[in-house]
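K.L.:
Residues annotated as transmembrane segment in TrEMBL: A:60-81, A:93-114, A:135-160, A:197-214, A:254-275, A:296-318, A:346-373, A:394-416, A:422-444, A:451-471, A:483-506, A:543-560 (among others).
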Amino acid sequence: MQTPTDSVQLAAELRLPTNALDYTILGIYFVVVLGIGFAARTSVKTTLDFFLSGRSLPAWITGLAFISANLAATEILGMAANSAQYGAYTVHWYWIGAIPAMVFLGLVMMPFYYGSKVRSVPEFLLLRFDKWAHLLSSALFAFAAILIAGVNLYALAIVVEALLGWPQWVAIVVAGFFVLAYITLGGLSSAIYNEVLQFFVILAALIPLSVLGLKRVDGWDGLTDQLTATHGENFTTAWGGTGIGSANPLGANWLTIVLGLGFVLSFGYWTTNFAEVQRALSAKNLSAAQRTPLIAAYPKIFIVFLVMIPGLVAAVLVPDIGTADSDLQYNDAIPYLMAQLLPNGVLGIAVTGLLAAFMAGMAANVSSFNTVFTTDIWAKYVVRDREDAYYVRFGRLITAIGVAASVGTAFLASSFSNIMSYLQTLFSFFNVPMFVVFIMGMFWKRASMKSGFWGLLAGTTAAMINYFVLYKQDVIGIPTDQGANFVSAIAGFVAGAVVMVAVSLFTAPKPDEELQGLVYGTRSPGMAEPPAAGDDAWYRRPALLGWGAVVLAAACYIPFSF
Amino acid sequence: MSEHFEPGERHEAAERLRRAGYSEADVQREVTELEQKSTTAARIFDLRRIIGGLFVLYGVILTLTGLTDSDAEIDKAQGININLWTGLGMLALGVFFLVWLWLRPASAPAPPLPAPEDAPSE
């Protein structure tokens with residue numbers, strides 16, 4: 001899920017005692033990042049290479065990149081903050097808010113995405129609906145991607161300033177330069193390779209931090225005992241206090257959690273956000289594409305512990321964290337523990353992991369932005385029918401422009417941080433109507449060509465009205481932003497669905513022969529491909545992998561439910 | 001559309017058709033053509049070598065740091081020699097990737113490259 005990042009303000013006292021050893025570790029990483037860019041450069045010849053790695057990567061790489069593209073630093077710091085604030089409710093963002101959607105993407109939607117050979121999520125809308133739905137979704141996605149990349153960059157600058165003492169502009173320019181360099185050189189391949197590398201480095205940072213954190217508070221039992229004493233019994237349970245009408249810190253009940261977070265928001269994000277789906281589309285065959293989100297699901301189930309434990313430990317060590325009595329914000333949970341617990345060496349790994357996660361978060365957005373802007377906007381509406389090499393050159397140029405725009409956004413954000421958080425909320429609603437349009441388009445043949453555009457528009461508007469007018473103006477009473485997020489998502493979903501049905505009833509459906517491979521029950525030629533050798537092994541069967549992940553996630557709830 | 005289908009112009013006719021509007025078949029054809037020209041599968045280096053190399057290097061650095069850490073560092077980390085343990089863990093992961101690469105070199109999964117030529121499959 002896109003993390004709700006309140007402005008990432010860090011206290012000045014968090015300056016880390018870094019030394020030459022830590023900087024050596026960081027320096028090695030930057031060299032490797034650039035090296036990957038240069039080495040991947042020779043593999044780029046066509047637009048398909050630059051934007052989709054030639055649809056040739058193995059499933060373990062695309063799977064880890066899939067999770068890494070989401071495991072940006074804003075997610076890591078934000079989810080630790082969530083845990084320090086709301087407690088074990090954080091598990092919902094993972095077990096119900098990610099796993100079912102990822103499995104659905106792999107098992108149900110991927111055959112349509114990959115089999116139709118579309119190069120982007122908006123392109124699927126072009127085939128299924130019409131160019132208005134396509135243009136609207138492409139333009140909004142491109143805009144949102146740059147904005148989120150800029151927000152990532154700004155968050156990085158604040159964290160680096162607090163932890164390492166670099167001025168903000170230095171951090172913004174340095175990180176922007178590295179992302180620009182490796183994506184322009186190697187395209188999606190170098191973005192994905194760096195994401196996989198980042199995945200392992202961030203694990204090497206978070207595992208020691210969680211172990212030491214638990215040791216500090218006398219283990220898991222010590223942690224829950226102390227939290228129960230200071231924060232109440234519900235703080236360490238997943239469902240305690242979520243009955244409808246009962247008050248809890250999250251401001252949401254089980255119904256809005258299951259429907260709003262678990263169904264609408266999470267399915268919207270995981271199944272239609274191109275920054276994620278792009279990783280699966282670059283896999284080498286349909287089986288690998290299906291397994292991409294499924295392979296990602298298993299680490300995702302357990303990563304929650306690595307962000308939740310530091311958050312909970314911080315809540316024990318600094319009981320008034322996030323309140324006016326403390327200098328520390330919720331977002332400071334992980335940096336605070338890094339400063340308290342990690343000696344030089346592992347500290348360098350942790351700093352490297354955080355910076356890598358910031359850059360990967362930005363790179364995922366830049367590499368999906370350049371694809372949508374080039375193949376969906378430029379090549380279809382502006383300069384059409386040029387030779388392929390032209391679009392590779394244009395892709396590199398627009399990458400540079402995109403990075404420059406996000407650097408600009410980052411500087412803008414440093415002066416108007418409230419506006420940024422509003423915009424982020426606004427775009428978090430954009431995935432919701434996308435999901436309605438997709439689900440109706442894929443499962444209801446009658447959904448007409450025009451209904452896509454109107455469904456998108458109506459869903460987005462309804463979610464925004466609910467959040468910015470009904471909630472912000474106190475017309476309806478919802479205790480927290482998070483709770484309001486969930487309700488707005490449900491409102492957007494329902495409005496989008498209703499409008500789509502209404503428009504479809506009065507406008508012409510798309511002819512059957514133009515829907516092959518786009519609607520459930522039809523097949524495109526691309527889906528008929530035979531599985532590659534070895535893909536029929538039982539441990540590579542998508543259905544088994546997918547249902548295994550769902551069962552495992554459900555089982556993880558058990559110890560947190562009683 | 002175009003009636004004179006000389007070999008070179010066949011492509012142009014397709015181009016003109018494409019302008020009329022994108023359809024499922026257009027995207028299929030265009031991407032299939034690009035897949036045949038794509039060079040990623042043939043030329044991309046093996047990521048396992050990079051991960052293996054970096055983690056062995058990090059592992060050695062941290063293990064050595066852990067072996068020479070003073071009591072102050074170990075006390076800070078709650079009495080655990082965290083540099084040593086993290087270093088050994090990273091070393092193990094790095095070695096795992098190098099061994100995997102050694103046992104199953106990239107040439108084994110390379111055949112997907114010729115495959116696109118003979119069938120519209122991949």
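Glycine is no exception: its Cβ is also placed from the backbone N, Cα and C atoms.
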K.L.:
So which of A:135-160, A:197-214, A:254-275 is most in touch with the transmembrane segment (A:394-416), counting Cβ pairs under 8 Å?
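P.N.:
Top-ranked stretch among A:135-160, A:197-214, A:254-275: A:135-160.
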K.L.:
List, by number or range, the same-chain residues at least 6 past the transmembrane segment (A:197-214) whose CB is under 8 A from its CB atoms?
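P.N.:
Distal contacts: 29, 32-33, 36, 64-65, 67-68, 71, 76, 220, 223, 299, 303, 305-307, 309-310, 313, 334, 337-338, 341-342, 346, 349-350, 352-354, 356-357, 359-360.
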K.L.:
Taking contact to mean 3 or more CB pairs closer than 8 A (sequence separation of 6 or more), are the transmembrane segment (A:60-81) and the transmembrane segment (A:543-560) in contact?
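P.N.:
These two segments do not touch.
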K.L.:
May I ask for the residues of the chain that lie six or more residues beyond the transmembrane segment (A:296-318) and have a Cβ under 8 Å from a Cβ within it?
P.N.:
63-64, 66-67, 71, 75-76, 79-84, 87-88, 90-91, 93-95, 98-99, 102-103, 106, 199, 203, 206-207, 209-210, 213-214, 216-217, 223, 226-227, 230-231, 235-236, 326, 328, 330, 332-334, 336-337, 340, 545-546, 549, 552-553, 556
K.L.:
In the same chain, who gets a Cβ under 8 Å from the transmembrane segment (A:543-560) while lying at least 6 residues past its ends?
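P.N.:
Sequence-remote neighbours of the transmembrane segment (A:543-560) are 88, 91, 94-96, 99-100, 102-103, 106-107, 236-239, 291, 294-295, 297-298, 301.
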K.L.:
Which stretch, A:135-160, A:254-275, A:483-506, tops the Cβ pairs under 8 Å count with the transmembrane segment (A:346-373)?
P.N.:
A:135-160
K.L.:
Take the transmembrane segment (A:483-506) and find every residue of the same chain, 6 or more past its ends, with a Cβ under 8 Å from one of its Cβ atoms.
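P.N.:
Apart from its flanks, the transmembrane segment (A:483-506) reaches 4, 250-252, 256-257, 259-261, 263-265, 268, 425, 428-429, 432-433, 435-437, 440, 444, 446-448, 450-452, 454-467, 471, 476.
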